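Trainee: One structure, as structure tokens, below. Some questions next.
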Amino acid sequence: MNPAASALLLTAPPAVPLAAAALHAVAWRRAARGARVPGPAQWAGLLGPAAIVGCAAALASYVPGHGPVTAYGRLLRADGLSVWMLLVTGAVALLALAASPGYLAGERAAGHTDAAGTHRYYTLVHAFLAAMCVALLAANLGVVWVAIEATTIVTAFLVGHRTTRASVEAAWKYVVICSAGIALAFLGTVLIYYAARQAGISEASALDWPTLAAHAGRLDPAVTRLGTALVVLGFGAKAGLVPLHAWLPDAHSQAPAPVSALMSGVLLAVSFTALLRYKAVADTALGAGYTRGLLATVALVTLALSAVLLLAQRDYKRMLAYSSMEHMSVIALGAAIGGPVAMPAALLHVAGHGLAKTVAFCSAGHILRLRETTRVGRVRGLLAQSPALGAVFGLAVVALLGLPPFSLFASEVGIVRGGFTGGLGWAVSLALALVLFAFAALGYRTGRMVLGPPVAAAGPPQALGVTSAVPLVAGLLACAALGTALGPLSHLLTAAATTVGGR
Amino acid sequence: MSATGYVAVAAQVAVVAGGAPLLTGWMRQVRARLEGRAGAGVVQPWRDARKLLRKEPVSPTGTGPAFRLAPLLLVAGTAVVAALVPLAATRTPVSGSADLILVVALLALGTVALALAGLDTGTAFGGMGASREMTIAALVEPTILLAVFAVSIPAGSTNLPAIVAGTIDHPARTASPAELLAVAALVVAVLAETGRIPVDNPATHLELTMVHEAMVLEYAGPDLALVELGSQMRLAVLLGLVATLAAPWGVATGGSPALLALALALLVAKVAVLGTALAAAEVFRAKVRLFKVPELLAGSFVLALLAVVGSYFLTGEAGR
Amino acid sequence: MSHGVYAQLLDLACGVFLLCAVVVLWRRELAVVVRVLAVQGAALAAIAAVLGGHERRWGLLVVAAGVGVLRAGVLPYLLRRALDVGAVGGGPYREDVSEGRETRPVVNVAASLVVAALLVLLAYAVARPLVALDPTPATRALPVGLSVVLIGFFALVARRRALAQVVGFLVLDNGITATAFLAASGVPPIVELGVSFDVLLAVLVLYVLTARMRAAFGGTDLDDLRELSDR
């Protein structure tokens, strides 16, 4: 690939959303002086995610065959893993931004926001997207950290988009826990940088991931061990893994529905991708056993915790949040197992979970507007009141439960198979038992929401608008399609898994 | 060594015993002037002592030997400390046994004797004072030991003359973080040990707040004079110890009588400066509530601990 | 700069740096704590400057100046302003003297000081392999950085006032930066710049959230944050 093309393909994913954010920021200032609510212009917001998907697709056709693409003196770099994650990010963002106009129209109708608020929303969401793209494409692990911390900062006011007590509380916990947690990841990065400098790698490339991965064998084991543990703790906080997971249910239940979708669907996974890169370094320096034990423990504890809390959950947005923790721990378990079966399955799980959770959160936003409650017990008979919404929400949860034909079925089977052949059979058996608990809780509560006669307080039957329905159905179709056949994506998936040791 | 050594020891004890009341008088005078009063004069404590010594010895009925022996133990123990600590000279006949831990133990002996005496009176105030004093002492002793340990690490010995001589040879040590932290911790501990503000107020007889005064409330006549002298000597010795550890310059390491005289003069000057600073600080500070004292002492304990740990990872010489 | 003076200055800066972290746990008045934080920022800048002077890396001196401006100037100033708004300008909250003080921390002060002591010991134990890798005066002081990280983390969880928690976060961050300086003379400038920018923005976000918290809850006691729970 010639330098201009690669520079373009690597610049566009962060640059286009950033430009959109800047335009919205200008409009936000103007809207504060009483300008109109943006109309069809909102759909232009899809340009950002479209650019991400387009660039990712172009890279996907090139990278598996020809190896990583770099730009700006190796500041930006796209290998299989980043292209795969970029594709997932773009797809989820496409769905979330397509669902946004409908969501915001509802908010404005209810008097929760105005023109300025709408522009603020788009400014922050686009900046959020840009930060995630930088986190995926940066080759320097320090820059990756900066970008992931930036996602916390820009989403703080999306989580706290209202000034209610619950909203302020969620935003406070989110910023404090995530910033402090991820600070530990930076400490880990510093320690690995120290080890790299002591191993004779120059200052400029000591945090450069390819260099680091290539020379990982020379790193001091004791320092790398400490650094890796801190990184797992720190990026684990942002990925919703114990022990610093407490922000997740609060933030996800308070954020606007499309933002919850983005956070749950991709932000957790982006942070986990960073963790995978450190894992690749640590595996070379220390052997696979160390990160495997660490990740498997964290994954199982998270899984147990989320299963228990799912059983007791009465709020459906929090229920979806805990389901995110459950799926992140399955992904972490897949990464811990590694190998040619489990690692691609874990990455496929990221994609399937991202799509299904986006549909689930966006439809949960519609349910909240329809019924004005987040209590599971007060939402009955969705199918009877709004058949389309009930069906979409039900199907999204079916996908999250890991039932065929959705791709989560295939990926969970892959992880289990990988576990039994890869020597982590006990962990996988335990995880299966816990997943069963989560399955029962999620299935039972969703059944109560969707089926049965509507409660008396429910309004008249309402149809889901076409513009609202299209992204939801598209997300479900994409998830099902991934589950049936990977098609041209299978090369990319293999390449992505190979990047971080899925050989 | 030889003659000058004995002279040095005798001079130290004499200066401490004779100067301690003057130090207290000086500090009271500084306070009085800062508060706008005329003050009673520097030699007032000696006048008080003379008055008390002329009185007939009286002890409360029902008290036993603990009550009677405590003042003697206090004064004797402090006098031994004054002889051991290299306040003026490092090479004395007793310098071999001038161990920091022994010094701390001797000081603690006086505290315990007084607390037992307070209990022995069987009065409410005596018991209350003793229990408070023991609470504070229990928190102060570990701090003093740790601080002392931190100071002794660079010298590689807990022998006080060795520490002081080492510091004179390597003046840079006094500016090391470990040493500074240890001295800070030691200052807080000394304030608590001698019953000064902010831990205790030596000038109060208010039931709710007094600690040291409550223990010795039943003493009268010559016994009271001894108790007062003992407390004053403790203050003088501890301030001298802090001065010697923090700024050992001038302490005679050789055997020349002229150097010894200079060292004694410098000692008086250093302690007077410290006393002035302490008195001035007491004017501006309030006594903290009794149940906030553990907070203060925990702070000084942490300082001392940081000093010990710090001397392992900060100074290159100890970290080897 | 001769080697002895360099080690002495570095040790002194590290000692002040560590002491400030302990004092943050010791004192309850938030105004004092914020001032101590500023001193700690200055000590951090001094560490960087001493290292830069010793290694004759003038870039590091520029970084030290930047760190000093941010951590001894801008961030304490922001906290100070947030504090003043709560104490004086806040209209209905003028009566509430407890706003400016950490009146009842989750762990009482004496216990938290003892915990700080234990954390320092833990940091010393944890840092042994780091020091062993390359024993120089700078890396030998690495336990200082790690202790400050741990103490900051502890202040973060043991304090109830929103601003005290922010101070804890900043102490944690100072500790990490100090670790970076001591271990490898700081991370590459581009990363350092990004990190500083992130920290500044995070504190700004928390500043705005504190104001919102006052508006929504009438105070900044984090114990009031109990709207969201799994019930």
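Using N, Cα and C of the backbone, Cβ positions are placed for all residues, glycine too.
What TrEMBL shows for this protein is this:
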- C:6-25: transmembrane segment (TRANSMEM)
- C:32-52: transmembrane segment (TRANSMEM)
- C:58-79: transmembrane segment (TRANSMEM)
- C:106-126: transmembrane segment (TRANSMEM)
- C:138-156: transmembrane segment (TRANSMEM)
- C:163-184: transmembrane segment (TRANSMEM)
- C:190-209: transmembrane segment (TRANSMEM)
Trainee: May I ask for the residues of the chain that lie six or more residues beyond the transmembrane segment (C:32-52) and have a Cβ under 8 Å from a Cβ within it?
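Mentor: For the transmembrane segment (C:32-52), the sequence-distant neighbours (Cβ-Cβ under 8 Å, at least 6 residues beyond its ends) are 6, 9-10, 13-14, 16-17, 20-21, 23-24, 58-61, 63-65, 67-68, 70-73, 75-76, 79-80, 83, 102, 138, 163-164, 167, 170-171, 174, 177-178, 181-182, 185-186.
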Trainee: Residues sitting near the transmembrane segment (C:58-79): Cβ under 8 Å, six or more positions beyond its termini, same chain?
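Mentor: Apart from its flanks, the transmembrane segment (C:58-79) reaches 34-35, 37-42, 44-46, 48-49, 51-52, 163, 166-167, 170, 174, 177, 185-186, 189, 192, 196, 199-200, 203-204, 207.
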Trainee: Restricting to the same chain and to residues at least six past its boundaries, which positions have a Cβ under 8 Å from a Cβ of the transmembrane segment (C:6-25)?
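Mentor: Contacts of the transmembrane segment (C:6-25) (Cβ under 8 Å, skipping residues fewer than 6 from its ends): 33, 36-37, 39-40, 43-44, 46-47, 50-51, 53-54, 109, 112-113, 116, 120, 137-138, 141, 144, 147-148, 151-152, 154-155, 158, 167-168, 171, 174-175, 178, 182.
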Trainee: Taking residues 6+ outside the transmembrane segment (C:163-184), which of them lie with a CB under 8 Å of any CB in it?
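Mentor: 14, 17, 21, 24, 30, 33-34, 37, 40-41, 44, 47-48, 51, 67, 71, 75, 79, 82-83, 86, 102, 105, 130, 138-139, 141-142, 144-157, 192, 195, 199, 202-203, 206, 210, 220, 222.
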Trainee: Cβ under 8 Å, sequence separation of at least 6 from the ends of the transmembrane segment (C:106-126): give me the contacting residues as numbers and ranges.
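Mentor: Contacts of the transmembrane segment (C:106-126) (Cβ under 8 Å, skipping residues fewer than 6 from its ends): 18, 21-22, 25-26, 28, 143-144, 146-147, 149-151, 154, 157-160.
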